[in-house]
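Swiss-Prot annotations:
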ACT_SITE  S63  active site, schiff-base intermediate with substrate
MOD_RES   S63  pyruvic acid (Ser)
ACT_SITE  H68  active site, proton acceptor
ACT_SITE  C83  active site, proton donor
Amino acid sequence: MNNLGRHILAEIYGCDELILNDKEYIERIMVDSALKSGAEVREVAFHKFSPQGVSGVVIISESHLTIHTWPELGYAAVDVFTCGDRVNPWDACNYMGEKLNAKNITATEVKRGIFEQPVAVKASNE
């Protein structure tokens, strides 16, 4: 069976509250996670909430990485979606868990774009 990509949905618990509330650090580890998995970073956008929490996205040529943090709970919700076989989303997910000092990670992989038969991609100008 063919698929277009792999999507990791990670629940990351027991993280350091100060780390989860540090926008610059979160941005750096997200970009580093993408690079360590072999992805090509295209764009980055992060936001620090008041009084706490950070959300962000790293757009990669292969798709995206996102994070939403709840420092008061020591929790981060992370998605890593990669298209093709060149990049391993688990490498990025595991690196993030390590850098967040996570005590527990629960993650699920979802195959995206599952097709019974090969799909021909047509150019939009045809």
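Including glycine, each Cβ sits where the backbone N, Cα and C put it.
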**Prompt:** Between H68 (active site, proton acceptor) and the residue listed as 'active site, proton donor', what is the CA-CA distance rounded to a whole number of Å?
**Reply:** 22
**Request:** For the residue listed as 'active site, schiff-base intermediate with substrate', list the number of other Cβ atoms lying within 10 Å of its Cβ atom.
**Result:** 21
**Message:** Let's check the environment of C83 (active site, proton donor): how many other CB atoms sit within 10 Å of its CB?
**Reply:** 18
**Prompt:** DSSP on C83 (active site, proton donor), three-state: which is it?
**Reply:** strand
